[in-house]
Amino acid sequence: MAKVEIGRIDQLPKRLGKRVRVGNHELALFRTGDGRVYAVENRCPHKGGDLSQGIVSGEYVFCPLHDWKICLKDGRAQAPDEGCVKTYRVAVEDGSVYVEL
Amino acid sequence: MKRKLVLVGNGMAGVRCIEEIVKLDREAFEITIFGSEPHPNYNRILLSTVLQGDTSIEEMTLNSWEWYEQNGIRLFAGETVTDIDHEERVVRTDRGRVVEYDELILATGSNPFILPVPGADLPGVTAFRNIQDCERMIEYAKAYKKAAVIGGGLLGLEAARGLLNLGMDVDVIHIFDYLMERQLDPTASKLLQRELEKQGMNFLLRKETAELFGDGRVEGVRFKDGTEIAADLVVMAVGIRPNVDLARRSGIAVNRGIVVNDYLETSVPHVYAVGECAEHRGVVYGLVAPLYEQGKVLAEAICGRKGKPYEGSVVSTQLKVSGVDVFSAGEFMDVEGTESIKLYDEARSVYKKVVVREGKIVGAVLFGDTKEGRKLLAMIERGDSLEALSLSLFAPASSGGKGSLVAAMADADVVCGCNGVTKGAICQAIAEYGLKTVAEVRDYTNASRSCGGCKGLVAELLEHMLGEEANRYAVKETICGCTDLSREEVLEAIKEKRLMTVKEVMSVLGWKNEEGCSKCRPALNYYLGMLYPGEYEEEAESLFVNERLHANIQADGTYSVVPRMYGGVTTAEQLRNIADVAEKYNVPMIKLTGGQRIDLLGVKKEDLPRIWADLGMPSGYAYAKALRTVKTCVGKQFCRFGTQDSTALGIRMEQTFERLKTPHKVKMAVSACPRNCAESGMKDVGVVGVEGGWEIYVGGNGGTHLRAADLLCTVKTEEEVIEMTGAFLQYYRESAHYLERTSKWVERVGLEHIREVLFDVETRRALLERLHKALAATKDPWREIVENERLQQTLFRDIGDKEPVPAK
């Protein structure tokens, strides 16, 4: 388990995702309306859509390709769709964002 | 490190469980599957249709070789696991392979039961269980004429039907005095027998097989009563036995099947069993639905998300036997303490029976017309009282009350029993994805993917939904699930309370989801922009990616760039410029669009602002819910038939209405004569030059719903074309639902109504005034972004790549 510094919190506008690559991982980072930060695998389980570009609402992101609704907390696609993206633990300390890989 | 997962048995139950696991967590396991048959996973239920010649082996494949490959699953087909060592946690195979496991799933299925009578091992005697059996029967039918099927249950009857199709004479032998005694009552069974006799089957009932005889190969069947018949092929279809040999040999607790608990765990840690080989609470299931339910529970448990336990399944039968529909569920026999309601229409061969005990519906049998089966099953499961039963159930089948049945089903009622798909889920999928065919419904929801018995019901649902669109199904069309308010109500409230932002609308109008969803956010953003031109500031985070980034997202996450070329006309300089940009940024594809523009495809998101700057051309809005292109023909300047200068008018229209946002994309076209080279008859607004004037067509669509445009009016001058088009667009902007194309809108509000509005001089003047206000407030978005570093930073730049070096 490695903890990697991704960047500063102010690089994350609220409700607009950002993509970041760490080694072989491609993550989508989100700061939700209530200020929480989430990181998920940046690949919709349906057709691999770029989740970082989806519409964010509460703790969900809607995939920009076919509107699958993915929960940022547990990575699960919402019914009627099924599937899951990997989620990563995020920590914000002194304005720096860390992700556990 | 990935955990090692081994599945023994490449059949429907096991592979379905793997599918569920892959869905939950693609990365957790290194998966290995062993299957004794040399095929990828196939739908065994369809074997009888293969025999009957309706399905090819390819069509019955559930998971292709590619599926295994794509999911990184090792498949050893045609290889049998012979031994499990649960101390060492390895399995060994008949080819000497040894594979380690952390978790092991047994899905060894079942074997056909072969009667222990003399002669059962003679050549020409076969079971009906796998592709090989199927192929053997097809081979035999080429050389021989007489077949006997032992077993008058479902499988036997399906085999018999197949053999008839193959041109054989078929005797069906059954030990009981009526067929399918486990699924049917005597009345339904007699009707079935009558139907099948008409098809050419011959039945020998109450006959117990004593031996099969023959010299070298089977020649006949002798019964306990001393009689005998001749047969060149004998098919045994008398039942199945869980395949538990491997488990038993390996010291795993076995009863009739491999004993499992509510989480499908066997007596040995890290070893599980699902499907026909497993015995749960004393029951071994042989139907698809329970096996899939088990697979789901096991998948969750194995992925460390132990959820609801498996508590057994209520079984029902809905089957198609040789073109005859039969259904049964619950306690369907008339016994003491039950009463029943029956319809027996001998002439039409329709029989329906609902069994009631103490006022509650407890069982049903349907023959010939099984549409209500799923609904009845739901009623039985709920323990509904007799009053809940609609009398329409007993109406003659041909009386046309078709729509009413699916309409009467509750959303929670299951349509597809195999995969547990409800009416609600199917309707939602149809509405949400605009599904049109049973195949599409299958792909989106899994309904009818397995036995196919519910195909008819799915088709009816489609018919019901598409035929009666909006009216019956959605009584009130709300903006989305986040609110109970309709578009009109929301717009009224925005105006009345002067709500200025998306957030305000949601909080003042009591949205159920605080931040809305991907449907209402873009819609509200549009409505606010339409109501407050120049005043409302768009919220980037409420826009669909295309409109937020002013480029079209493509399947692979790249974007496309379409610069504006008014009327489809360009210059050598522009072309050179586009070519230079394409080279500079390694654009993988340059393509002409359907609207006569040039598309640069495969552009990286972060390159977009620089490409726009280098192009120095305005945005072509190819991504927007706005005016896109005005397509033109060459017109009278060059064309020998052209009556008008269509190119000039097209350019003028495009320049006039450029950047106008609309509820959905708007495409226009101008043709110089009725030959219509610009295809004006299928555009939102199409203009056709005629001698001395122009015809204006509206509401055409070349998209999903092909629709020819309606003639709105004929005018004399270009000014009038611009004016009429402007008023039409503004009225569409104001009264259409967000994402409603003009084709749908024209049909909804009616052409006559639109004419009344537009032809009224005062109204038209007011519409145009509002239109010009909206147009005056627009700016070219590409230029805006090129000039604004902060926007580029926020919207286009990602966080740079990071090394996976741990932070201190």
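Numbering starts at 1 and runs along the chain as displayed.
Here the Cβ of each residue, glycine as well, is placed from N, Cα and C on the backbone.
Small disclaimer: the values here were computed from a predicted structure and weren't measured.
What TrEMBL records for B:Cys633, B:Cys639, B:Cys673, B:Cys677 is [4Fe-4S] cluster binding site. With a cut-off of 8 Å between CB atoms and residues at least 6 apart in sequence, the same chain places B:Cys639, B:Gly642, B:Ser646, B:Thr647, B:Val670, B:Ser671, B:Ala672, B:Asn676, B:Cys677, B:Ala678 near B:Cys633 ([4Fe-4S] cluster binding site), listed in sequence order.
If you look up TrEMBL, you'll see B:Cys677 marked as siroheme binding site. The Cβ of B:Cys677 ([4Fe-4S] cluster binding site) has 18 neighbouring Cβ atoms from other residues within 10 Å, across all protein chains displayed.
Sequence annotations record features per position, and here TrEMBL assigns domain 'FAD/NAD(P)-binding' to B:4-280.
Residues or ranges marked as domain 'NADH-rubredoxin oxidoreductase C-terminal' in TrEMBL: B:316-383. Mapped onto DSSP helix, strand and coil, the domain 'NADH-rubredoxin oxidoreductase C-terminal' (B:316-383) counts 10 helix, 37 strand, 21 coil.
Helix first, then strand, then coil: DSSP counts for the domain 'BFD-like [2Fe-2S]-binding' (B:414-463) stand at 28 helix, 5 strand, 17 coil. Taken from TrEMBL, the feature domain 'BFD-like [2Fe-2S]-binding' applies to B:414-463 (among others).
The domain 'BFD-like [2Fe-2S]-binding' (B:479-528): residue composition by secondary structure is 27 helix, 1 strand, 22 coil, according to DSSP. Summarising the annotation, TrEMBL assigns domain 'BFD-like [2Fe-2S]-binding' to B:479-528 (among others).
Among the features that TrEMBL reports, domain 'Nitrite/Sulfite reductase ferredoxin-like' is placed at B:554-615. Under DSSP, the residues of the domain 'Nitrite/Sulfite reductase ferredoxin-like' (B:554-615) split into helix, strand and coil as follows: 27 helix, 14 strand, 21 coil.
TrEMBL lists B:624-758 with the feature domain 'Nitrite/sulphite reductase 4Fe-4S'.
What surrounds the [4Fe-4S] cluster site, by Cβ distance within 8 Å of the Cβ centroid and not counting B:Cys633, B:Cys639, B:Cys673, B:Cys677, is the set B:Val634, B:Gly635, B:Phe641, B:Gly642, B:Ser646, B:Ser671, B:Ala672, B:Arg675, B:Asn676, B:Ala678 from the same chain. Among the stretches B:4-280, B:316-383, B:414-463, B:624-758, the one making the largest number of Cβ pairs under 8 Å with the domain 'Nitrite/Sulfite reductase ferredoxin-like' (B:554-615) is B:624-758. DSSP places the residues of the domain 'Nitrite/sulphite reductase 4Fe-4S' (B:624-758) in helix, strand and coil in these numbers: 52 helix, 34 strand, 49 coil. Comparing B:4-280, B:414-463, B:479-528 for CB pairs under 8 angstroms to the domain 'NADH-rubredoxin oxidoreductase C-terminal' (B:316-383), the maximum falls on B:4-280. For B:Cys673 ([4Fe-4S] cluster binding site), applying a Cβ distance below 8 Å and a minimum sequence separation of six or more within one chain yields B:Cys639, B:Phe641, B:Gly642, B:Thr643, B:Gln644, B:Val688, B:Gly689, B:Val690.
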